[in-house]
Amino acid sequence: MKDYLVKQVSEDGQLRAYAVNATQVVTEAQEKHDTWPTSSAAFGRTIVGTLLLSAAGLKGDTKMTVKVDGDGPVGKIVVDGNAQGTVKGYVTNPHVNLPSNEKNKIDVKAGVGTTGTLSVTKDLGLKEPFTGQVPLVSGELGEDFTYYLAKSEQTPSAVGVSVFVNEDSTIGVAGGFMIQILPGADDRLIDVLEARLQEMPLVSELLQQGMTPEGIITEIVGELPMKTLEELPVKYECDCSKERFAKALSSIAPQDLKQLIEEDHGAEATCRFCGKQYQFSEADLKAILAEQ
């Protein structure tokens, strides 16, 4: 099944719903960063959460950066997303593989940690980007995204993010959902949704059964009539370039650039988001120095 995200709204205007299959996106992230199972699950869940938040909160050329910074061995997770369904990211410690938890699942909570922060920075094209930050409440990440939306954006929501890692450390499936209650919604509807969410299987189990993002939303909302607003392809794509790294080098102090020229006779830059390497010759560095 292809990767895509669907946005829906109930016909009575009481709720918005988003669901995504991001299996190929998370697979590409896993392969680019050589992540081990615990890191893969934590990184993948953050990617899925970023896709959902970006779909709900961005338009046009706007962007966002999600940072999960817990006290677990995985370290910091950073994911950039945009309104077009494109993400890129990195994890500080990709090689974490902890023992399974008591449910015999990957122990994401132990990997991420339970003390730390989840922050979302939106670049909406204004003078200053907007950042909302909340403490981690779970470390499982779905609950942490839900808490962020309630506290930082005052939007009552339910977020589920799920990654299944195969025995050989490849990604089996990855996806998630986000349900947002709109102003004026009936309390009875909220009660019904909460009950259905309690009984619902994991998103990864539904995806393994071949369920589509639309099917995942139906699993949650039941017979409530919904209409689709948009179907958005999603992908992992890095926009790094040699020009961008040259710009970064041009911000280095002149004496440090001279040191690179005289001692190293060049420089190598590696993109944290995709691992691509860029070589700068002595002549390249001299040209950058001359433009300072």
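Placement of Cβ uses the backbone N, Cα and C atoms for every residue, glycine included.
According to Swiss-Prot, the feature disulfide bond maps to CYS238-CYS240, CYS271-CYS274, an assignment based on sequence analysis.
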Length of the line joining the Cα atoms of CYS271 (disulfide bond) and CYS240 (disulfide bond), in Å: 7
Nonlocal neighbours by CB distance (under 8 Å) for CYS274 (disulfide bond), same chain, sequence gap 6 or more: LYS32, LYS88, CYS238, CYS240
Three-class DSSP secondary structure - CYS271 (disulfide bond): coil
Reduced DSSP assignment, CYS240 (disulfide bond): coil
